Amino acid sequence: MLHSIATVSLSGTLPDKLQAAAAARFDGVEIFESDLTWYGGSPREVRSMAADLGLEITLYQPFRDFEGLPRERLARNLDRAERKFDVMGDLGVNLLLLCSNVSADTILEDGPAAEDLAAVAERAGRRGIRIGYEALSWGRHVKTWGHAWKLVQMVDQPSLGLLVDSFHTLALGDDPSGLAEVPGDRIFFVQMADAPKLPMDVLPWSRHFRCYPGQGEFDLAGFLAPILKSGYGGPLSLEVFNDDLRAMSARQSAADGARSLLYLEERTRARLTAEADAAPAPATAAPQRPLDLFTPPAASPCHGFEFIEFAADDGSAVRLGAWLETLGFAVAGQHRSKRVTLYRQGAVNLLVNAEPDSFAQAYYLLHGPSVCAMAFHVEAASQGLNRARLYRCKPFEGPIGPNELLIPAVRAPDGSLIYLVDRYREGTTIYDTDFVTTAAPPPPAAGDLRIDHVSLALPDGQFDSWVLFFKAAFGFEADATFVLPDPHGLVRSKAVQSPDGSVRLPLNISQSRNTATARSVSAYSGVGVQHIALATGDIFGTVAALRARGARFLPIPANYFEDLAAKFGLEDEFVDRLAAASILYDREGEAEFFHAYTEPFEERFSVEIVERRSYSGYGAANAPVRLAAQAQLASRVSDSTTLM
Ligand SMILES: O=C(O)c1ccc(O)c(O)c1
Ligand SMILES: [Mg+2]
């Protein structure tokens, strides 16, 4: 399908917006009137600028507050329309968006509205212009696509058709399935926007919280599917009013938008296929037009984290190695050709990369000691990589030595790497080929651990980009958003995870300046790992073993344990054990969760030890006490450094 984006979705001046849309390979743009009004060039200049960039102007908008006003206002409004038609002639666009009237003095009857729409459609038709009539969800008389369609049918002129916008339909909880019965050529245009479900009035919700398809909670595939069944073959256009997008670089936002439409197409195809399988068409039915929808290879199933790679220099590599040893890790191998050390414990592989002139070194110079790459263990790495590439992720290939493996990787939105690894048969793993492994790695010091999740801090405004990246590139799913109180402000947290839950990544953002998330973003000068959670089957044993090795755990106030005992009616002895080990506890029904955090490595990342008993969350109930304990520790550290 043709992909278009409304200029209102992108930040900057009109040329910035057009350039960003072209760079993201959109086919066209909807020009918002205000973007034109505020621009110094003439409509003809805008037309040639778009043409030079290979962009079609798909629509001009909006024309508003027109139909169904007191009769004496019609003539003046028709004059107003003619002026818009003149501008459209210069812009070289023949479709005008007319949105349903929101003014208080709109007559609440269909007759006058249809009369006015007929008058403007007749004038438009004479000039070769078409009008798409859109129901705004806060329209005074017309709020739903069904009502708009009724008026379009009453007018019955070829120059007036229906324009549908997913936001207005889904925000009202209105049913889009009837769109399948509208003749496809009577739907003139389709606007797409997703949104988080928020308990607020539709007008501010629409103007501030729309997001790209896949970033919110609406069922957009369920909206598009009936439209495609109608036979609609026009553009799919993003119309996203959003405060974060207004502040974001137009290039990044346009790239996200382009990815979101591909994702929507993939999801819609899956929806249509599932519907067709559930109700096969009778053999006599006319063959369906093959759908021109994006069809990437399926995401390769994930089976957990394969490794996590740290960027370091020689000095920090030694300090990090010593820290990891207190956490039970032991050196299990040395890279054949690079200064990369493999640390291992149970099924957890950590690489510390201090190779000069490498990707890791460049990352280290920008961010300091940090996680520069993660590897997912997948079933089919090349299929997974191919999918990510088609979703416009940038592939990465580092230099390799003789007989070493090329491990495919893509860049995450911040430039860090995500490797996909599918070699895991004994004797042929990436560690066997690329590392000189130690003869007999020591037994795990702290129990049979595996990586449970990796928690990332993102700069404010980047939440939606990352969510969409993981959904599109790797077929991940997103949880609900939690708002967590930190002593210094709020943290918003949303986890993305592989469908089987084996790879989980809580993403955190904060608008405040000194929350744990903000401190992380500041320490790394950007995105960074806040903690790596390791799962154990025996948290008391693991924590005790690590303490004995010198690991330091985040102290948790006694008040928390008092409160916990009261909240869940716990035995004193059990609570005393938790308190003695600084282990946090949560329960949901029969499910239980135990977790403890280490003190961070050089004010950067910490390790969290978790034990899950049928529990699928992240202990959000304990986030406030944990964030407070971390804030207290951080202020102690900063006090001691300012005294020096
Ligand atoms: O918020 C508005 O006014 C507005 C204008 C045009 C649209 O297409 C729309 O969906 C909303
Ligand atoms: Mg709209």
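Cβ coordinates come from backbone N, Cα and C, glycine included.
A TrEMBL annotation is a machine prediction, not a hand-curated record.
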Check: For the divalent metal cation site that TrEMBL assigns to Glu134, Asp165, Gln191, which of the candidates Glu82, Glu217, Glu239 is also assigned?
Finding: Glu239
Notebook entry, point to check: Can you pick which of Glu325, Glu355, Glu608, Glu611 TrEMBL lists for the same Mg(2+) site as His453, His531?
Noted result: Glu608
Note to self: Around the Mg(2+) site formed by His453, His531, Glu608, which additional residues qualify by having Cβ within 8 Å of the site's Cβ center?
What the structure shows: Asp452, Val454, Ser455, Pro506, Gln530, Ile532, Ala533, Leu534, His595, Tyr597, Ser606, Val607, Val610, Tyr618
Note to self: Just to confirm: which same-chain residues, 6+ apart in sequence, have a Cβ under 8 Å from the Cβ of Asp165 (divalent metal cation binding site)?
What the structure shows: Glu134, Val190, Gln191, Met192, Ala193, Glu239
Next item on the list: Please list, for the domain 'VOC' (304-423), how many residues fall into helix, strand and coil according to DSSP.
Entry: 32 helix, 45 strand, 43 coil
Next item on the list: Just the binding-site residues from Asp165, Gln191, Glu239, Glu608 whose C-beta lies under 6 Å from any atom of ligand 2, please, or none if there are none.
Entry: Asp165, Gln191, Glu239
Check: Considering only the binding-site residues Asp165, His453, His531, which possess a Cβ situated under 6 angstroms from at least one atom of ligand 1?
Finding: Asp165
Next item on the list: Have a look around His531 (Mg(2+) binding site) and count the other CB atoms within 10 A of its CB, chains all included.
Entry: 24
Note to self: I want the residues beyond Glu134, Asp165, Gln191, Glu239 whose C-beta is within 8 angstroms of the mean position of the divalent metal cation site's C-beta atoms, in chain order.
What the structure shows: Leu97, Leu163, Val164, Ser166, Phe167, His168, Phe189, Val190, Met192, Ala193, Ser237
